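First up is the structure itself, then whatever we jot down about it.
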Amino acid sequence: MHLPSLSLPLAALTLATPSLAYPYYRTEQPLQNNLAQSRANTIKEAFSHAWDGYKKYAYPHDELHPVSNGYGDSRNGWGASAVDALSTAIIMRNATIVNQILDHIAQVDYSKTNDTVSLFETTIRYLGGMLSGYDLLKGPASGLVRDSKKVDMLLTQSKKLADVLKFAFDTPSGVPYNNININTHGNDGATSNGLAVTGTLVLEWTRLSDLTGDDEYAKLSQKAQSYLLKPQPASSEPFPGLVGSHISIETGEFTDAQVSWNGGDDSFYEYLIKMYVYDPEAFGEYKDRWEAAAQSSMEHLASHPSTRPDLTFLASYNDGKLGLSSQHLTCFDGGSFLLGGTVLDNDDYIKFGLDLVKGCHETYNATLTGIGPESFAWDPNSVPSNQKALYEKAGFYIQSGAYILRPEVIESFYYAYRITGEEQYREWIWNAFVAINKYCRTSSGFAGLQDVNAANGGGRYDNQESFLFAEVMKYVYLAHSGDAEWQVQRGNGNKFVFNTEAHPFRVR
């Protein structure tokens, strides 16, 4: 999950043709075959291309500007792209890049920055990236780095970072400030925090406690989470499990009852089921709340465009009215239902998750570039005159046509592929990668697009978000590489669980 506001500053590949319908629970196709291996190598080349451009033009800054070959420091100048790339480089077994990143992390001083720090973004990218690297290099990738001190450093740096950040939780309620000044221990004066921003800390901070033996970090994040699990006032929960979008920092009470799975709310729901995967015994209440939210979403938020009743999207809800719009960010939802369905052995969740995946696939399949837009809608009373044909054919119209290298659609395709074994979903992943490689690739990396439904993407944004490395490249590669401990598994066989930045953590 990332906040919804836009931060703007290979060789010829053939598209695979997807089948029209997906069989349910077909036996998984063999992962290791010549085509998959060839594609995996192409994906690794794309990752290395982006890394080489970042290393040449932007390192040690946060991100590359891949059109001008400049750089940006949107994440405090600690080298966000490097830290975010670590777990993907490990999974690709690229020891050269892994060691370059470890050398970088060792010299980062997380106590120094002149800019406001986002507790949320810093947790999911930096803390998540380092903890995941530690789990992977201490576990299934233990032979990749010979110097164990380099690996141990990841945990040391993780603890140092959390110690810099933890004052954010020092509020009357324990609900943290998000935008903080680590030099003065100040904040932006906000009176409330967002649902996802508050509810997407618990996995990383709990994992840190488990690895260090210091329970302070888990207690801080779980105290904040407690207000989200037992929402007050009752009016902030219009349907069981579905809660408002903002929480008072003073009292821990919700300040509204606006419900959605969109950006700003999304990863709260994502982490409910993932905490259960992390430890089913300790986090049974989180599972119960996810199930309540899932059931309510199926009953009250599921929406079908008038021109494409075969498609399913999740609407938002506020004050008795449904909002018939959604976002690229929201398209993680299919993966969440699929994960919950397989872990809880519930075919209804799996079927609904696949319906959501199909809807989000249409947002890619129907555009000129084959890439989905930042935001879209299906309100039949608000269709722009110049998009009526699109709405008639595809069941949605575009509100913002930007693409800033987001991963959520591919992420849900990955869950669909791993959980059903149906080859179609891997083809959808490949098609998306081919389109991104065609329209976003520059001489030094990958750039965002201004309009996915315009010729050549309507121009490029001169920015390469760090989550290109952490998420897009990882999910595409995982779908084309062999089975491994870190892969999503059917049923209760998961040895790892992914944070919202696609960094895999070892489960308890």
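Even glycines carry a Cβ here, placed using N, Cα and C.
Lifted from Swiss-Prot, the feature list:
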type: SIGNAL; residues: 1-21; note: signal peptide
type: CARBOHYD; residues: ASN94; note: N-linked glycosylation site
type: CARBOHYD; residues: ASN114; note: N-linked glycosylation site
type: DISULFID; residues: CYS331-CYS360; note: disulfide bond
type: CARBOHYD; residues: ASN365; note: N-linked glycosylation site
type: ACT_SITE; residues: GLU374; note: active site, proton donor
type: BINDING; residues: THR500; note: Ca(2+) binding site
Original post:
Counting distance between Cα atoms, which of the recorded positions ASN94, ASN114, GLU374, THR500 is nearest CYS360 (disulfide bond)?
Top reply: GLU374
**OP:** Could you round the CA separation between ASN114 (N-linked glycosylation site) and ASN365 (N-linked glycosylation site) to a whole angstrom and send it over?
**Re:** 43
Subject >> Residue from ASN94, CYS331, ASN365 whose C-alpha is spatially nearest that of THR500 (Ca(2+) binding site), among the recorded positions >> reply: CYS331
Original post:
In whole Å, how far is CYS331 (disulfide bond) from GLU374 (active site, proton donor) when you measure between their Cα atoms?
Top reply: 10
Original post:
What's the most sparsely packed of the glycosylation sites ASN94, ASN114, ASN365, counting other C-beta atoms within 10 A?
Top reply: ASN114
**OP:** Calculate the distance in Å between the alpha carbons (Cα) of ASN365 (N-linked glycosylation site) and ASN94 (N-linked glycosylation site), and round it to a whole number.
**Re:** 33
**OP:** Reduce the DSSP letter at ASN365 (N-linked glycosylation site) to three states and note it down.
**Re:** helix
Original post:
Hey, how far is ASN94 (N-linked glycosylation site) from CYS331 (disulfide bond), Cα to Cα, in Å?
Top reply: 30
Original post:
Around CYS331 (disulfide bond), which residues of its chain at least 6 apart sit with Cβ under 8 Å of its Cβ?
Top reply: LEU356, CYS360, THR363, GLY372, GLU408, VAL409, GLU411, SER412
**OP:** Mind giving me a neighbour count for THR500 (Ca(2+) binding site)? Other Cβ atoms within 10 Å of its Cβ, every protein chain shown.
**Re:** 28
Original post:
Least buried of the recorded positions CYS360, GLU374, going by other Cβ atoms within 10 Å?
Top reply: GLU374
